[in-house]
Structure formats: C-alpha cells, structure tokens
Amino acid sequence: MNQVTDWVDPSFDDFLECRDISTITATSLGVNNSSHRRKNGPSTLESSKFPVRKRGNLSSLEQIYSLENSKESLSENEPWVDKYKPETQHELAVHKKKIEEVETWLKAQVLERQPKQGGSILLITGPPGCGKTTTIKVLSKEHGIQVQEWINPVLPDFQKDDFREIFNTESSFHMFPYQSQIAVFKEFLLRATKYNKLQMLGDDLRTDKKIILVEDLPNQFYRDSHTLHEVLRKYVRIGRCPLIFVISDSLSGDNNQRLLFPKEIQEECSISNISFNPVAPTIMMKFLNRIVTIEANKNGGKITVPDKTSLELLCQGCSGDIRSAINSLQFSSSKGENNLWPRKKGMSLKSDAVLSKSKRRKKPDRVFENQEVQAIGGKDVSLFLFRALGKILYCKRASLTELDSPRLPSHLSEYERDTLLVEPEEVVEMSHMPGDLFNLYLHQNYIDFFMDIDDIVRASEFLSFADILSGDWNTCSLLREYSTSIATRGVIHSNKARGYAHCQGGGSSFRPLHKPQWFLIYKKYRENCLAAKALFPDFCLPALCLQTQLLPYLALLTIPMRNQAQISFIQDIGRLPLKRHFGRLKMEALTDREHGMIDPDSGDEAQLNGRHSTEESLGEPTQASAPETWSLPLSQNSASELPASQPQPFSAQGDMEENIIIEDYESDGT
C-alpha cells in the first residue's frame, strides 16, 4: 500500500505547476510527507482508482513548457557581459601580443614545469575591463589547466540563538567563530598547492596541471603589506604550482601595485610582470557590432539598434573598458531609451577627424564633442601622469583663421598664440594629483621641450611665482589651484616654438619624462638634519644652523675629535673636495602607467612646497641635560645614530693628504 501511495500524484497540482520536476519528485518521495500520507491514506487510495496518472502527465508537460519559457525569459534578462563572455582566443578583445605573452608564460611555468621547481608568481596589471582575468581563464581552458580562484570569505550570519549560546553565563566560555582573512588566505594557498581541485558536477576537466588565481586580496594586506611579502617569500620556496595576481590600475592615486609589489619584492621573488593596455577602439567596435548583430537577429524589434555613430561615441567614452561599454550598450539598447544619444545629426567621429586634419575644426564643435562623450560613456575620463604631462609640454594647438577669433594689436603680437586643444586645469584635474606635486613633475621636465633660452627664463619665472603662491601654509589651500594654473599656462605660453599649430617645436619626436630629483635631494637633506642633531646635541642650535653656520667653521678649526662619526660628518658637510665632479644626478624615467606618488621616505604631502615642520626639518634648539662645557662630545656611540646614507668615517690625516695631492696636481697643470 505504501508503494502505491508513493507514486500517486498529490492533490495540489496547481501549486506544483510552478515548481521544478525534480523538486516534485523529491517532495513526493521524501520523508517529510510520510505523516501527511498516513493521515490521508484512504482518500489517496480512493483517488488512485481514477485515471489520475494521465492528468499528472499533462501537468508535467505544462511544467516543462513553463520551464522552457522561464529559461527564455532569463536568457533575455541575462547581462550581456555574462552572456557574451569569450570562450576562445579569437573572441578575446585583447591584443594578440598580450595573449601570446601570457600563453608563453603559462606554457613555460605549467606545461613545461620541472618536478622540483619552486612556486612561480605572475603579476598582471592593467586598467579595469581590459580582459586580464578573462584571458587567464580562456587560455587555461584551452590548454587543459585547472584554475583555483581565491574569493574573499564572507562572515557568516549570526542568528539569535548563536548570540545566546555565546553570551550565556551559565555555560562555559565560548569564543567567536572568527578567523582572520590572512590566516584563511594562507590556508587556501597551502591546500591549493598540495591538493587537486574537487571534481564538481558537470566539470569534465581532469588534469594535474593547475594555477592559483588571486584577484581580490584580503583587505589586511593593504594595511600591512609586509605580511603579504612574507607569504610570497614562503610560497616561492614551497609552492608547487604557479600563482597569478591580477591587480587593476587605479587612477585615483592609490597605487596598489607599488604598495603590494614593490620592485625589491619583485626582484627577490622573481615575479614576472605583464601589463595590459586599454582595449583599442577598433577591437571594441568589432566586439560591440557582433553583439548588436546577434541581438537584433534574435530579438527583432524588442531592442533599439544603435547606429554606427552611436557605437563610435560609446567606444570613445568608455576609456578602453569593454565591460563598461557592454553594460552601456545593453542599457541604451533597451526599448524606450532612445534619448541616450544626444548628438548632432550627420556628425561622425571620422568626419570630425577629417575636419581636424584639414584645419577646419572649431572650438564649439570640440566642446560639443566632449559633452557627447561624457553623456554616453557613463565613466569619468582620467589620465595617467605620463599623458597629462605630455598634453601640457607638447601643448598642441588648433590653427585659426581671421574669422574665427580677433587678432592682438601689433604692439602685442609677441603674445599671440593659437587656441589650445586642451584645458590645462582639466588636464591636472583628470590626473588626480595635487597641484603642487604636478608642478614638481612639470619643473623637472619642461627644459627639454624649449629651444630658446629666453623662453626658459620666462617659464622659470612663472614656475617661481607659482611656488610663491603655494609656499605659505596659511593660504596654500586657497591659492593651490591658482598656483597650478599659473605654472601650466605659464609654461605653455612661454614656449614660442610651440605657439602655433604649424610649429613643430624642435620636432615632434618622443622625449622621455623623468621623476623629480627633489625627492632624492630632500631625503638627503632630512638625513643630514637628523644626523647633525644626533651627533652634536650639546650645541643648542637647529639643524639648519648647525649645517650652515657652525659645522663649516669646525671643519676649518684644528679641534681634536676622537669621534669618527663626527669627523666624517664634518668633512662631508663642511668641505667640498676639489676632485668631486658635480653634475646632474641620475634621473629615473617616468613610465606611462605610473602615478605621481610622494616618495615614502620624503615625508608628508605638506613638504612638497618647502613647508617643513620645525621639529623634523630645521630642528628646534634642544637643551642638553645640564651641559657643563661647549666641547664636542667624545662618545663613540654616536656613530650608530648616523643614517645609513652617510659616508663611512675616515681619518682627517687621509683627507689632508688627499687635498695636498690635488693641489700639486693643479699647480702642475697651470
């Protein structure tokens, strides 16, 4: 009897029509329905005499039909980013060279890996939406490599009974069921490198080749990056499979790559670095056209098909982020969203480019174009420091006729310039940098773009005036924007060689940009101040007075000193050896993806404009503890307080002999 009742369809067919077939079977055969069947046993047996099974078959067909309709509706509402995600290399919107570079690394570190080889690490960087993670997954799938991806754990939801059990005074003491993210991350790396991935339902990939993918690091690593460095060092020793980190570039000034993976760690752990570029407009245009064609053929009149001009504006406004472009395309193609494309009729980007090449481009059209891009893309356009400096230093201009704008009178003709294609204030704002820091980079690189010494003098005057405006800490917050505007516009206006659109300014060849030497000089200055205060504490003078007034005279006096650290410091500060050749310091090149960050050893941002705190830089007069005499301290322990960058102590006799040799050499030369 029980076997018959197990296969009898329930009486509530209408309720079960909206449920899955597997769910119906499970509930009809489940244990939870046994009591219900025992209570309603006779009525169920009576109903089994009638042809209920045929009615059940009809309801099952209706359920299958409803499930198919629901799947179709779900596919229509599915995000196009997930619906059209690439499955092969040909579908990737990434440059072929980058794909080959990643594929070569995977073959060398996974497919051709030695048995006892340590853990290899790859760092992939690039802007958001350029296909970093997708490229790894697609290439791994094609080469039969398993991907074990780290996902930050979510804290479990506590129920009311859990809190009662934890804080129950009668029971024994209970700890919170919490484990730090760093501990969970270390355990994940250990398990992932030792054990293979579990074979889930529908997973046909069975191979021992695998990689570990980390895209979302625990937040604790951003506060304490040294913990991550220790994890990397240990993984290089004990790791059995490659480890890949994916970090997106940030244009807001937060350089996670420099914080988490400094150059020292990359060299120590032999970390490979592959940098992705934003998706090219041509590749993005081809990808969006394919999506529009498929959706138009599938949905017919359910979507609004954008024209070619709208797609061009969308590609230009998304700043190389294909994920943002696909989302904007899906949102704008929905029915009733025809007003998302505010543009001129008959205006295309290609026609606009033709106008600019033929020198017929006007300022109102340029302003309208910028408004179009901002309205369509839905994403703020930002600039890296390298490109922002290039726009200021190369200062491209648009040629204007007499009808476009009035000319200056003859006595002011030397100040006449063509109209700029960029707004300097907007360029600095899009670089997401403080204005005084941008002035430092501008001051370091502006000379190489000038051809006349008079223009350099005029530009240096503008930079000096800008530094004066931002030098006073009391008015710095109010005058910082004016200071940046004067510096950028002054440098642009002073360069007469680039004052007109037809001028090349010494050629349009590429010129490398460099980081400011101010950071290195100011770091050396701070170390000298701290060393002077540590080595000569009995002289109640600020560090600046010690180095400019006292120590140069002590170097000329014959006062016996037994402290080698003091002797070395006085010789380094108070004397300038004649054989030391002073020249330009070694400059560090500025890369195209680097942010303008303050040197970690140079202090706070307030030090950029020379506003040094009295306690750290100049040093307040420190009163020594009951000084009896003004003699130099003879303690040999002061040498340990000397910074590492200071020269090693050497005897004064050797320095005198060196000076004598130099004098003899010069006398022979004369």
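Keep in mind that glycine also has a Cβ here, set from the backbone N, Cα and C atoms.
Screening T44, T614 against Swiss-Prot annotations picks out T44 (annotated as phosphothreonine). Here the binding-site residues are G126, P127, P128, G129; the one with the fewest Cβ atoms within 10 Å of its Cβ is P128. DSSP assigns P128 (ATP binding site) to coil in the three-state reduction, outside any helix or strand. The average pLDDT computed for the motif 'RAD1-binding motif' (6-14) is 46. Sitting within 8 Å of the Cβ centre of G126, P127, P128, G129, C130, G131, K132, T133, and not among those site residues for ATP, are the Cβ atoms of S248, F276, D321, R323.
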